[in-house]
Amino acid sequence: NSVNPCCDPQTCKPIEGKHCISGPCCENCYFLRSGTICQRARGDGNNDYCTGITPDCPRNRYN
């Protein structure tokens, strides 16, 4: 197993000063900027965007 550079192996939480370990809105241990597309629209839906405060990709409320 490779060690995740964002993760404190003792606590399984982000290393001090880092924001996140993984997720569609996490890159190199930091949250992606608000407004970054994390899921492109399919069909008649709308794109989903990162919030800048979580590693998750929330569903667009207009979908």
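All positions are counted from 1 along the displayed chain.
Keep in mind that glycine also has a Cβ here, set from the backbone N, Cα and C atoms.
As written in Swiss-Prot, here are the features:
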type	residues	note
DOMAIN	1-63	domain 'Disintegrin'
DISULFID	Cys6-Cys29	disulfide bond
DISULFID	Cys20-Cys26	disulfide bond
DISULFID	Cys25-Cys50	disulfide bond
DISULFID	Cys38-Cys57	disulfide bond
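Feature map: Swiss-Prot annotations on the structure.
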residue: Cys6; record: disulfide bond; DSSP class: coil
residue: Cys20; record: disulfide bond; DSSP class: coil
residue: Cys25; record: disulfide bond; DSSP class: coil
residue: Cys38; record: disulfide bond; DSSP class: strand
residue: Cys50; record: disulfide bond; DSSP class: coil
residue: Cys57; record: disulfide bond; DSSP class: coil
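The helix, strand and coil residue counts that DSSP assigns across the domain 'Disintegrin' (1-63) are 0 helix, 13 strand, 50 coil. The average pLDDT computed for the domain 'Disintegrin' (1-63) is 90. Taking the C-alpha positions, the distance from Cys29 (disulfide bond) to Cys57 (disulfide bond) comes to 15 Å. Taking only the Cα positions, the spacing between Cys20 (disulfide bond) and Cys6 (disulfide bond) is 7 angstrom. Within the same chain, residues at least six positions away from Cys50 (disulfide bond) with a Cβ under 8 Å of its Cβ are Pro24, Cys25, Phe31, Leu32, Arg33, Ser34, Gly35, Thr36, Ile37, Cys38, Cys57. Taking a C-beta cut-off of under 8 angstroms and a sequence separation of 6 or more, Cys26 (disulfide bond) has the following same-chain neighbours: Cys6, His19, Cys20, Leu32, Pro55. When Cβ neighbours within 10 Å are tallied across all protein chains shown, the highest count among the disulfide-bonded residues Cys6, Cys20, Cys25, Cys29, Cys57 belongs to Cys25.
Counting every protein chain shown, the number of other Cβ atoms lying within 10 Å of the Cβ of Cys38 (disulfide bond) is 18.
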